[in-house]
Amino acid sequence: MSLVTSTEMFKKAAAGGYAIGAFNVNNMEIIQGIVEAAKEEKSPIILQVSAGARKYASPVYLRKLVEAAVEDSGLDIVLHLDHGEDFEICKMCIDDGFTSVMIDGSKYPFEENIALTKKVVEYAHERGVVVEAELGKLAGIEDNIRVSEKDATFTDPDQAAEFVARTGVDSLAVAIGTSHGAYKFKGEPKLDFERLEKITKLIPNTPLVLHGASTVLPEFVELCNRYGGDIPGAQGVPEDMIRQAAKLGVCKVNIDTDLRLAMTAAIRKFLVENPKEFDPRKYLGPARTAIKEMVKHKIRNVLGSSNTL
Ligand SMILES: O=C(CO)COP(=O)(O)O
Ligand SMILES: O=C[C@H](O)COP(=O)(O)O
Ligand SMILES: [Zn+2]
Ligand SMILES: [Zn+2]
């Protein structure tokens, strides 16, 4: 039991046609819920920390909580920086003991993204840490988007191959139509699987990463709204599309929004049904259970990583 890199996990996942869930963590209850689910499902797990999470909880609290999770669960866990925006934050996390970092240079032109990613890869690899990079831009994608617009934002397969060869990066986040948050599609959900297949053919040994992969399950949106929330028109990536992506080279599936919805629904429901309660443990307990159930559902029914330890 220790913090590990994702190298072996991804190899097994690629061979088995399943994916590893990378769940965003912000506090103790979220970490506990995810890790309890992984343990019960006998599944590998990636816990990822965003810059926003570091700001909210403080880097040292999050790191110590994840270390506690490793010790308490007896599991090997990947501690990953999500969307590192510059070399400095990646360096800080590597120096702090993270086993994996993402350098997100997707907002820069191709050559600048390569130079930045290369610099992080050099620093990370010398210290035994793996690196995820991103090529292409995630955005709210409308159904009727024109091909030229799509080519400007979605990952170009030839560029992906060149990018991986020149940077030596360990895994690559691709843009094929997903986006962050609870409002992913205006019309019918659609992902560019043809593009994903092309990328996988060109770089078969590079694990691909799907950001913005929450499903935004209608029952959780409905629960939030029933108990005083106001989240109209939310829509995510259907579960069968995540399953298909896992069969086509996607080894890491990033999920944050679905955890947020599960936690918020549980807290809203509890507080509305129990107006006299004011002990935070009374609503944070059910919130932790809701996280655990959501992660178990993902692992077992969507990612397919149960019983692979
Ligand atoms: O990509 C993510 C974190 O990097 C999370 O995506 P969701 O907003 O779809 O959960
Ligand atoms: O991709 C972003 C993750 O959902 C993290 O979100 P955050 O920046 O609000 O922590
Ligand atoms: Zn990005
Ligand atoms: Zn992301």
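Just so you know, glycine gets a Cβ as well, placed from its N, Cα and C.
In TrEMBL, annotation is done automatically, which means it is predicted and not curated.
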Have a look through GLY181, GLY187, GLY285 and flag the one TrEMBL assigns to the dihydroxyacetone phosphate site that GLY212, ALA213, SER214, ASN254, ILE255, ASP256, THR257 belong to.
GLY181
Spatially, which candidate from the binding-site residues HIS83, ASP104, GLU134, HIS180, HIS211 is nearest to THR257 (dihydroxyacetone phosphate binding site), comparing Cα atoms?
HIS180
So which of ASP104, GLU134, GLY181, HIS211, ASN254, ILE255, listed as binding-site residues, have a Cβ under 6 Å from an atom of ligand 4?
HIS211, ASN254
Could you check the binding-site residues SER214, ASN254, THR257 and say which one's CB has the fewest neighbouring CB atoms inside 10 Å?
THR257
List the Cα distance (Å, whole number) between HIS83 (Zn(2+) 1 binding site) and ASP104 (Zn(2+) 2 binding site).
5
List, in sequence order, those binding-site residues among ASP104, ASN254, ILE255 whose Cα sits within 10 Å of the Cα of HIS211 (Zn(2+) 1 binding site).
ASN254, ILE255
Cβ-based neighbourhood (8 Å from the centroid) of the Zn(2+) 1 site, residues HIS83, HIS180, HIS211 excluded:
ASP82, ASP104, LEU138, ALA173, GLY212, ASN254
Sort THR257 (dihydroxyacetone phosphate binding site) into helix, strand or coil using the DSSP assignment.
helix
